[in-house]
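Asker: Okay, handing you the structure first.
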Amino acid sequence: GLIDAAPSKLFGLGIYPYITASIVVQFLQKLLPICREWKEQGQIGKRKLNLLTRALALLFVFGQTFGMIQKTSVSLPVCFLIPLIAAAGCAILIWFADLINSQGIGNGTSILIMASMSNNLIDSLKEIKQNYYDNLFTNNFDPKLLTQFILIILVLLLFLIVTVIVQITSLKIPVQYARNQSPSKSNSYIPFKINTAGVMPVILANALMQPFKMLIPIIPNNQGFENFVNYLTNIDIVNFALSLHILLIIVFSFFSTFMNVNPEDISEHLSKQDAYIVGFRPGEQTTKYLSSLLFKITVIGA
């Protein structure tokens with residue numbers, strides 16, 4: 001798979017180093033003046049930030065790969081060859097993501113991760129077929145088995161419908177203009193999607209868990225540390241890990257939402273257009289209203 005943590009594969013580390021680098025660059029835009037300056041430079045600044053993200057991604061690839069290699073089991077040339085292979089694989093995936101974005105499809109990173117996860121989905125569907133569908137047409141017909149099979153299908157369909165509804169639903173905030181504008185602007189509004197963050201919180205939560213798993217090969221003969229990492233990351237058998245994973249998704253939902261949608265920028269843009277939201281003064285009052293509204297929407301989306 002594209003996200004399997006195996007450094008010997010071309011796509012062993014997947015695109016997670018690039019995602020981690022993107023998170024770091026987003027933080028740097030808040031902390032470093034030069035990164036904030038790049039952000040305000042338009043396309044030129046965007047290219048600089050993209051270059052910085054790619055450089056950090058390759059740096060993370062080398063760091064993670066060296067950490068995952070058990071140097072006692074491979075020769076020294078192989079220790080340097082494997083990181084190069086992993087870096088090449090990550091660079092190819094980044095190029096694929098950019099290619100998807102350039103064709104107007106968008107969300108290239110999310111599509112690649114979805115493609116890698118589809119392998120697990122196919123395995124799950126095969127398991128459902130073997131455990132339920134195949135047994136329904138044997139001589140040992142069990143009505144309970146049929147009921148379970150129907151319930152599974154209904155739950156999957158319900159989950160799909162709810163996902164689509166949440167994805168396409170948006171809250172429209174009407175906007176009015178102080179001056180006489182064209183009729184097309186009389187019905188203007190600001191759309192806030194319920195799921196503004198999209199799938200990024202799930203991706204970020206998984207990316208944050210990866211370094212813990214990669215530390216296991218670095219610390220050999222340490223069963224206690226391995227048990228601790230499994231306790232934090234194995235959501236299949238540990239309730240605490242599942243709860244931690246859900247908490248991280250919620251936290252990253254707020255982080256991603258307010259990184260993508262800045263109420264202060266929206267308020268400033270409205271002021272420049274001589275526009276306002278009914279019942280709220282332009283400026284700080286509008287910013288507070290949009291922030292409060294975005295927070296409430298994110299609670300639902302998370």
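Cβ atoms are placed via backbone N, Cα and C, with glycine included.
For 6-28, 49-69, 75-97, 145-168, 189-209, 237-261, the entry in TrEMBL reads transmembrane segment.
What's the neighbourhood like for these features in this structure?
Answerer: Counting residues 6+ beyond its ends, the transmembrane segment (189-209) has Cβ neighbours under 8 Å at 3, 16, 19-20, 23, 107, 109-110, 113-114, 166-167, 169-175, 232-233, 245, 248-257, 260-261, 266, 277, 290, 293-294, 297-298, 300-302 in the same chain.
Residues of the same chain lying 6 or more positions beyond the ends of the transmembrane segment (237-261) and with a Cβ under 8 Å from any Cβ of it are 26, 192, 196-198, 200-202, 204-205, 208-209, 230-231, 294-295, 297-298, 301-302.
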